[in-house]
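A.B. asks: For L105, T106, F133, P134, S135, D136, D218, H221, Y243, W274, N302, the entry in TrEMBL reads pyridoxal 5'-phosphate binding site. Annotation source TrEMBL lists domain 'Aminotransferase class V' at 97-246. Marked as N6-(pyridoxal phosphate)lysine by TrEMBL: K244.
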Amino acid sequence: MTFQNTLEFAKLLDSQDQLYKYQDEFIFPRIKGEKVIYFTGNSLGLQPKRSKAYVDEVMNDWANLAVEGHFYSEKPWWDYHERFANPLSKIVGALPSEVTVMNTLTVNLHLLMVSFYRPTKTRYKIICEEKAFPSDQYMFQSQVHFHGYKPEEAIVEIKRREGEHNIRLEDVLAKIEEVGEELALVLIGGVNYYTGQVFDMKTITAAGHKAGAYVGWDLAHAAGNVKLELHDWKVDFAAWCSYKYMNSGPGNASGCFVHEIHHNNPELPRFAGWWGHNKERRFKMEQTFDPIHGADGWQISNLPILSLAPYLASIELFDEIGMDALISKRDKITSYLEFVLKEIDKEVYSTFEIITPANPSERASQLSVLLHGEGRGLFDYLMKHGVITDWREPNVIRLAPVPLYTSFKDIYRFGQILKAGILR
Ligand SMILES: Cc1ncc(COP(=O)(O)O)c(C=O)c1O
């Protein structure tokens with residue numbers, strides 16, 4: 001499709017957009033009385049209007065039933081999390097028994113590393129991407145220390161080539177082969193938080209397995225954004241946060257995936273708690289832990305129902321729309337944003353550069369723009385003029401035109417505000 005950088009054309013695209021109506025499902029902050037253009041759903045998604053009713057329901061059940069709410073509320077709390085299994089499994093390409101919700105992302109990755117990072121004297125190395133999200137870096141360092149190894153020996157980073165912004169698949173595969181029999185675990189962010197690069201998770205997972213390692217994914221920027229087939233790709237484990245593309249609310253619960261091949265493996269150690277114990281016998285208060293066969297068997301504590309309520313509201317919205325429709329709009333609107341950015345860049349004599357891969361199969365909802373010469377001033381200008389973006393040091397603005405609530409008209413308007421900001 002040939003795009004045009006005009007208001008009429010953007011409106012035409014909106015009129016053809018089957019997801020256009022879903023903007024009304026969300027609450028937008030306002031600046032000077034105007035709804036903002038919101039490009040930070042990769043950091044914290046907007047609040048779905050329907051979440052409040054889900055939270056109110058729990059508050060009312062708590063008020064009216066108190067402890068009895070565990071079993072007799074509209075959606076009983078003791079198995080509240082099981083409502084996520086079907087819709088979540090569709091989002092990440094899993095069997096319902098392979099997904100669960102619990103804790104928060106870094107906590108879950110740590111817990112999953114308890115099961116899947118079991119270094120030996122000869123096989124103890126972890127492969128991750130260079131400049132992984134800091135929380136992952138701290139996690140790797142502390143896990144390696146915990147097992148008595150040195151981070152500089154046990155953590156192997158895949159580097160970007162000199163002068164390149166993204167990591168090449170061939171370099172990931174070469175590194176896996178090079179580390180070979182010393183490799184215990186590959187754990188990478190499925191979508192890089194800084195550049196928006198989407199990794200070829202299927203190929204990397206197969207390569208890690210060929211080397212005899214476990215393979216896990218941090219899907220913080222991928223869940224609800226990218227087409228995932230975790231079961232078919234034979235990923236061992238994965239975890240994601242729900243407050244980005246899945247709009248569940250600040251700091252809200254994480255989701256986890258554990259492949260079914262691991263569900264009945266008694267050799268796999270885990271940190272246990274009563275919520276992972278045989279569901280039928282949980283309240284018999286037995287001494288011996290008998291894990292649920294499935295990702296639920298990694299649960300530890302009874303769940304924070306007030307947090308899960310808005311997550312459930314949002315998940316149901318995803319279920320209504322389906323990932324295929326979301327991804328189809330995502331590709332179109334991301335390409336339109338790329339086109340508008342390039343048009344503006346010509347008009348302002350090349351003051352910025354898109355560092356996200358140009359290949360649509362290597363990117364999703366995010367374009368990261370490296371500013372040449374322009375600093376935080378431009379970011380502040382955008383903010384003052386009703387565009388919420390995300391600033392990353394030293395000079396990158398991240399833009400996520402989330403398909404659920406961004407219109408093509410927003411993209412056109414953003415281009416005009418950006419141009420005025422650069423020429424100010
Ligand atoms: C890629 C990635 N990993 C891990 C985290 C940490 O998430 P949490 O604070 O929920 O553990 C984030 C947070 O934004 C992230 O983007």
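Keep in mind that glycine also has a Cβ here, set from the backbone N, Cα and C atoms.
Please go over these features one by one and say how buried each is and what sits next to it.
C.D. replies: Mapped onto three states, the DSSP output places L105 (pyridoxal 5'-phosphate binding site) in helix.
Around K244 (N6-(pyridoxal phosphate)lysine), the same-chain residues at least 6 positions away in sequence with a Cβ under 8 Å from its Cβ are G41, N42, S43, L44, G45, A220, H221, A223, G224, N225.
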A.B. asks: Taking a cut-off of under 6 Å between Cβ and any atom of ligand 1, tell me which of the recorded positions L105, F133, Y243, K244, N302 pass.
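C.D. replies: Near the molecule: L105, F133.
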A.B. asks: For the pyridoxal 5'-phosphate binding residues given in the record (L105, T106, F133, P134, S135, D136, D218, H221, Y243, W274, N302), what is the largest pairwise C-alpha separation in angstrom?
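C.D. replies: Greatest Cα-Cα span of the listed binding residues: 31 Å.
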A.B. asks: So, by DSSP, how many helix, strand and coil residues make up the domain 'Aminotransferase class V' (97-246)?
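C.D. replies: Breakdown, helix to coil: 55 helix, 32 strand, 63 coil.
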A.B. asks: Restricting to the domain 'Aminotransferase class V' (97-246), report the mean pLDDT as a whole number.
C.D. replies: 98
